[in-house]
Amino acid sequence: MPNYKLTYFNLRGRAEICRYLFAYAGIKYEDHRLEGADWPKIKPTIPFGKVPILEVDGVIIHQSLAIARYLARESGLAGQTPVEQALADAIVDTIDDFMMLFPWAEKNQDVKEKAFNDILTNKAPELLKDLDTFLGDKKWFVGKSVTWADFYWDVCSTTLLSYKADLADKYPRLLALRDRVEALPAIAAWIQKRPKTAI
């Protein structure tokens, strides 16, 4: 088993999908959390100057979704066939495209709040409708077992619902999928013990 070290801020953010995958697979890793004040000093030492990064026996992988895809493949959560893997990737990329619309780093709180409200009110319904249609009456987004696409929906929707609690009320199937993910024993245990952070 390789030695894993995941480095990110003390947030769920873009590293949480990786933490879900580690938790579900029962893989030991170092969850290294940076404090914001330390970032200017550390940033020049990080490849491409962004986190998260995953060190695998000293080899550094950057980009959160590249890390997550690697972990999903290693833990059997990428999809059972090449087509399933492509579909799971497509769902993750669709959700990620939406999450990238938000001005997460905006310092002006009025500007940030207005932008968030606009996205959640005017753009989120289309995403939720499309995800609901894709899920249909299936238990999981892709195939007959859970994949990292289901985890990514749970991770991202947790953040979205913290900003607009009734966001998915019209989509009980998507909410039920969240419940199924969070009922998985390893995920439930991780959610219970993880540090409580805003995002």
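Backbone N, Cα and C atoms are what each Cβ position is placed from, and that goes for glycine too.
Annotated glutathione binding site per Swiss-Prot: Y8, R14, W39, G49, K50, V51, Q63, S64, in sequence order. Just so you know, the Cβ of G49 (glutathione binding site) picks up 11 other Cβ atoms within 10 Å once every protein chain is counted. G49 (glutathione binding site) carries a helical DSSP state (H, G or I).
For the domain 'GST N-terminal' (2-79), the DSSP counts in helix, strand and coil order read 37 helix, 19 strand, 22 coil. Residues or ranges marked as domain 'GST N-terminal' by Swiss-Prot: 2-79.
Across the domain 'GST C-terminal' (81-199), mean pLDDT in this model comes to 98. Per Swiss-Prot, domain 'GST C-terminal' is recorded for 81-199.
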Using a 10 Å radius around each Cβ and all protein chains in view, which of these binding-site residues has the most neighbours: Y8, W39?
Y8
For R14 (glutathione binding site), which residues of its chain lie six or more apart in sequence with Cβ-Cβ distance below 8 Å?
Y8, V51, P52, S64
Could you tell me how many residues in the domain 'GST C-terminal' (81-199) are helical, how many are strand and how many are coil under DSSP?
82 helix, 0 strand, 37 coil
Quick one, of the binding-site residues K50, Q63, S64, which Cβ has the fewest other Cβ within 10 Å?
K50
